[in-house]
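Annotation comment: Swiss-Prot describes 10-17, 57-61, 115-118 as GTP binding site. Here Swiss-Prot flags CYS188 as S-geranylgeranyl cysteine. Look at Swiss-Prot and you will find CYS188 tagged as cysteine methyl ester, backed by similarity to another entry. Look at Swiss-Prot and you will find 32-40 tagged as motif 'Effector region', backed by sequence analysis.
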Amino acid sequence: MQAIKCVVVGDGAVGKTCLLISYTTNAFPGEYIPTVFDNYSANVMVDGRPINLGLWDTAGQEDYDRLRPLSYPQTDVFLVCFALNNPASFENVRAKWYPEVSHHCPNTPIILVGTKADLREDRDTVERLRERRLQPVSQTQGYVMAKEIKAVKYLECSALTQRGLKQVFDEAIRAVLTPPQRAKKSKCTVL
């Protein structure tokens, strides 16, 4: 059985731990508790292949900036997360998370994940953002960011409703099992 290490990164409170708890237990945790999810191992089938999926949660808060990279060695795939209702967390994908993971693991595939998809249409959420002259991150913005950071895929999900949740992890596994073909560069040969 092939083992795959999947590390989840992103700003504090974007829903990384909820994503993992909801996926692994099929239940949404009640209140926000900064990262307490232990590394978790799940045996799953993707495209008829048995996979041992190791899930590593990380703390997004700045206090952990020096500690977090200790979980990066031997990572097979990163989930870089932001909350669709938090434009600042989206900007930090470009400003912080992509630079950090690409520095430590330059050839490791990235899946860009927009969390809290259920809040994009939530009236209270939209109103709170509007009061600050902001709006939820659009799907188009997500696709543009994914291209910019060379992510294998851009996906949106809700840990609360579980919409798109399984797909996030299935696509993370596929990114490792069937890496995208790199464009072949012609090599210069001097004779």
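Quick reminder: no glycine exception, Cβ is built from N, Cα and C everywhere.
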Which of ALA13, ALA117, all binding-site residues, has a Cβ with the fewest other Cβ atoms inside 10 Å: ALA13
Most Cβ neighbours inside 10 Å, all chains, among the binding-site residues THR58, GLN61: THR58
Cβ neighbour count (within 10 Å, all chains shown) around GLY10 (GTP binding site): 27
